[in-house]
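Here is the structure we will look at, set down as C-alpha cells.
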C-alpha cells in the first residue's frame, strides 16, 4: 500500500480493536510547542458507527466539557466515518492523563441535562441532536475503560 499523507489512511483499520485511544501523531511548531493528536475510537471500523444525532450531541458535550479538565486542549473533532473523534493537546504528552481527561469528560456527558449550543444560532444542524444517544455512546465507551490502551486487542 502506498504511504498516504493522512496518518489514519496508513492505519490498517482491519487490525484495530475498538474501543481504544491511541496517539495518532505529533507536530512540533517553530517555537518548540508540540501538538499531540489522539484517535478516540468508540466503534469498530467498518462494523459499526455512531448514529449522527448521538454523535453530534456527544461532540458538543465533549468539546465543551473537556476544556474544564485541561487547558491544553486545542481541538476535539468527530471523524467523518462516525467511529470516533480526534482530540489534540498542545505541550501535553502524558498518555495516562489523556485517558483520565477523556474519562472525566465522558462522566460529564452522563451527568448532562442538556446539549450545549443546541440551537440555530450556535450550531449548523441544531435539529440533529440526541442527549440520550450521546449518553448511551459515552456509557458504552466508559464500560470498556480497561481496554482503551489496547489498540490491537492483544491484551497488552
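Cβ coordinates are placed from backbone N, Cα and C, and glycine is handled just like the others.
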Record-annotated Fe cation site (Swiss-Prot): member among 81, 123 besides 56, 60: 123
Spatial neighbours, same chain, of residue 123 (Fe cation binding site) - Cβ under 8 Å, 6+ residues apart: 60, 117, 129
Entry from the binding-site residues list 56, 60 having the most other CB atoms no farther than 10 A: 56
Additional residues around Fe cation, ordered along the sequence, whose Cβ is within 8 Å of the centroid of 56, 60, 123: 57, 59, 115, 117, 118, 125, 126, 128, 129
